[in-house]
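Taken from Swiss-Prot as is:
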type	residues	note
BINDING	Cys24, Cys27, Cys40, Cys43	Zn(2+) binding site
Amino acid sequence: MAKKSMIAKSERPAKFSTQEYTRCERCGRPHSVYRKFHLCRICLRDLAHKGQIPGMKKASW
């Protein structure tokens, strides 16, 4: 889990537009966040395995 202070800091408006960055909406992780889902790779994988993301299924080939 991310620090509460860093999550609060990311919610405030940035001084410059280049300072804005994405965070996972579920856990607050700043790295490896998918823009389409607003989730980090770990949370996305977890929800996909549980079947909570419509249209997403495990790949097999």
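Residue positions begin at 1 at the first shown residue.
Yeah, the Cβs are placed from backbone N, Cα and C, and that goes for glycine too.
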Judged by the number of other CB atoms within 10 angstroms, which among Cys24, Cys27, Cys40, Cys43 is the least packed of the binding-site residues?
Cys27
In which DSSP state, out of helix, strand and coil, do we find Cys40 (Zn(2+) binding site)?
strand
DSSP secondary structure for Cys24 (Zn(2+) binding site), reduced to helix/strand/coil, please.
coil
Inside 8 A of the center formed by the CB atoms of Cys24, Cys27, Cys40, Cys43, which other residues of the chain have their CB, for the recorded Zn(2+) site?
Glu25, Arg26, Gly28, Arg29, Val33, Leu39, Arg41, Ile42, Leu44
